[in-house]
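According to Swiss-Prot, the substrate binding site annotation covers H107, R108, K123, K130, K131, E132, on the basis of sequence analysis.
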Amino acid sequence: MSAEEKNLIEILEEGHKVDVVKYIDYVSAPQAGAIATFSGTTRDMFEGKTVLELRYEAYVPMATRCLSSICTTARSTWDIHKIAVAHRLGPVPVGETSVLIAVSSVHRADGLDACKFLIDELKASVPIWKKEVYTNGEIWKENSEFMEKRLELAEKRDSIVKKTVVEEHRRRGCCGSKVRVEEDEEHKDITGDNKSSS
């Protein structure tokens, strides 16, 4: 059985509830000594506001591809047997499950770590959007994990651009002109010398 055949990824259409037992049964296996799960449910309050329900929308083809990629990364990082990920779309009333992740592994540490990684990455990068519906209004929510991921990616991009500029100047020899670029909290000139320019 290939790694992809050991993943069950479902984006559930409006009106379909998450069947927790189905996904736990899917990941169960004689060689698995642990099954780690995460179940996200709708809570009744947020920052002092009474929540009636959450409503989810998704770009399903891309969400499925993203989840598959996240599962592949988890498999390459931890010793996992099977993974199940299910996410509801449409309204999810208070107390009901909107997302479920189940991971089976030989040992609990791999399953627990992979489960945490999967939910964190789902919230940070999968195109599923949430609207919170309150007694006195509603608002589309942007996950804090998503914002943190965007910031992290921007910082990495800036670091790569800076490094590329420095490497390009070094490669060219830069005709003796002095261009200072910050690099790892040190100031170096374009030739890599630690001389200060005067």
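Positions of Cβ are set from backbone N, Cα and C atoms, glycine also.
Working note on the binding-site residues R108, K123: by count of other C-beta atoms within 10 Å of each C-beta, K123 ranks first.
Set side by side, the binding-site residues H107, K130, K131 differ in how many other CB atoms lie within 10 angstroms of their CB, and the most is found at K130.
For the binding site of substrate, formed by H107, R108, K123, K130, K131, E132 according to the record, the largest Cα to Cα distance is 37 Å, rounded to a whole number. Sequence-distant neighbours of E132 (substrate binding site) (same chain, 6+ residues apart, CB-CB distance under 8 A): F46, K49, V51, L54, E138, I139, K141.
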